[in-house]
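Taken from TrEMBL, the feature transmembrane segment applies to 61-81, 93-114, 126-147, 168-188, 208-227, 287-305, 339-356, 368-388, 620-641, 653-674. The region 'Disordered' annotation in TrEMBL covers 685-723. Among the features that TrEMBL reports, compositional bias 'Basic and acidic residues' is placed at 686-723.
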């Protein structure tokens, strides 16, 4: 008996409660906290790139998918380390420490006050924050990817062979803990991000949004270590993935050595490994390679699926998230996916698939996967249609060869304004004309119709508002916003039409003191009701409230005849510069429904198919191959986002949909020629053949041993005589 067999025989029995090892409680809690940590951080990650690190949409999307790809490449490393050297327990502990450090580093990188020397709310050394955040993300990718293949398998190790039913229930609970952690974190961390925090200036609270997942990762690590003495810890048994790789490598190498015509051809190129490896192992590798070949088109599905956390989240920032009693943040829309998974999985298993079977349709696993890919493609068609409607509501900013101008009347009577060759405009007192006028000239002449005319210099590629004060016969051009306010906020500014200084404040921000006939800077306010307090130089005060939606920009004019009463807001004039988001986030639900339906049909079926077609000792190999397709899918997004450079977002969605449908056709053809096998039968047949061969050898040896010495001597003498 080997040392390994002795250790296996002596391994401890875990305490049992209601038929289940008590140790699985620690594993399930650990998985819930780890998934909360991962998905919570990932939910706000693309917005952190976009609005804190100030990367553009394409760069934010590319780095996001690079990170996700890395998270799905490192499981191979984790499996090899666990099976070959450290064992699952130590691998989980060590990589969880790396994981926790990474989460903490990422949270620290989001503290803007660290480098905000001028205390204006914007970091002065963005390189420091980028370097720190990238370091944190690399550590997180190593941690989450490294423990991914270990935790579930470690949980399965806690059960004895007689607890097959309990083991099956454990995996169901384990999967539920993953979805529960994902759902809760995707709901909670966007709320934390939407808060404002900071020492000198208050900004979106990314440190809290990353800090809470970091704290949950600490909890996950502590809980897992606490259960240490209760675990059954299987010793490393060698990694089958390495063995498979060596076998394939030897077959390729041997085939290359014997490539001349003098060597007879073999039925399959893997047969060239027979000189070194057992026929059973070679047959098992052949089965694995047949499935891995089918995996080649699959990354395209994940290229679309994982854009829920990048492109679709950025799309939601340009939409209206007011659901009445609920205000949904853009990154919270991702919760639709886990909610639909919990609903659709039992519906598919208990209703849809049995109904299809009753209709006499042979809905094989590969056909299900084909349908799942088609549904994902349709989801991106739906996303493109939504994007087209969003684009209709977005402002049309001037090109580099033109400028846009509107006119704001600071007088107490209406003005007839003529600009260049345009028709006269009637502008009411203390208001602006509703639409911007385009101009291609560098200089235009503006007339007020009351004998006041002035030449105005225009800036190409800019939007401006011309403040016209008839009382002082002055005109002043001020710059307007050149982009829709970020993250669904509203950009508000005040123009002081009084003859004295005035101070404007809200509960959140101070607009400062505004001089007569001057304008304040834009200030970002959240969706909802904002209450403004006006205080004049003479000490007069009044308050008024305004309710704003998402993504708008307004110029509020304080008129010279303002009434300093409770209803002073009735005299404040409001000019709309950028329209609020009008397309509701609920329009994203169809695309989420389609892609989640595709995930349920594609992913769940794919895992089941891989398991059923894999040899008994190579389930992990195909699991690693499956995770690798997710990584490659995210790399595909990088290539398209960086190489295609498509200006219209809806067109990029259509491109992805077209690519997936084309790949789906290829996969359908590959699936048509695939022959389903039963690995158990094939393995049993090889074992039977090997057993019969062994019996024949034993029989021959027994027959030789049963011959008497005299008979052997006589046969030898006869042989010599013949010679």
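Cβ atoms here come from the backbone N, Cα and C positions, even for glycine.
TrEMBL: automatically predicted annotations, no manual curation.
Pairs of Cβ atoms less than 8 Å apart link the transmembrane segment (287-305) most often to 620-641, out of 126-147, 168-188, 208-227, 620-641, 653-674. Counting C-beta pairs under 8 angstroms (sequence separation of 6 or more), the transmembrane segment (620-641) fails to reach the transmembrane segment (339-356), with fewer than 3 such pairs. The stretch from 61-81, 93-114, 126-147, 168-188, 339-356 that makes the most Cβ contacts under 8 Å with the transmembrane segment (208-227) is 93-114. Within the same chain, residues 34, 37, 41, 48, 52, 78, 86, 121-123, 128-129, 132-133, 135-144, 146-147, 198-201, 203, 206-207, 209-211, 213-214, 217-218, 220-221, 224-225 sit at least 6 positions outside the transmembrane segment (93-114) and bring their C-beta atoms closer than 8 Å to a C-beta of that stretch. Counting only same-chain residues 6+ beyond the ends of the transmembrane segment (61-81), those with a CB under 8 A from a CB of the stretch are 42, 45-46, 49, 55, 91, 95, 137-138, 140-142, 144-150, 239, 241-242, 306-307, 309-311, 314, 620, 624, 627-628, 630-635, 637-638, 641-642.
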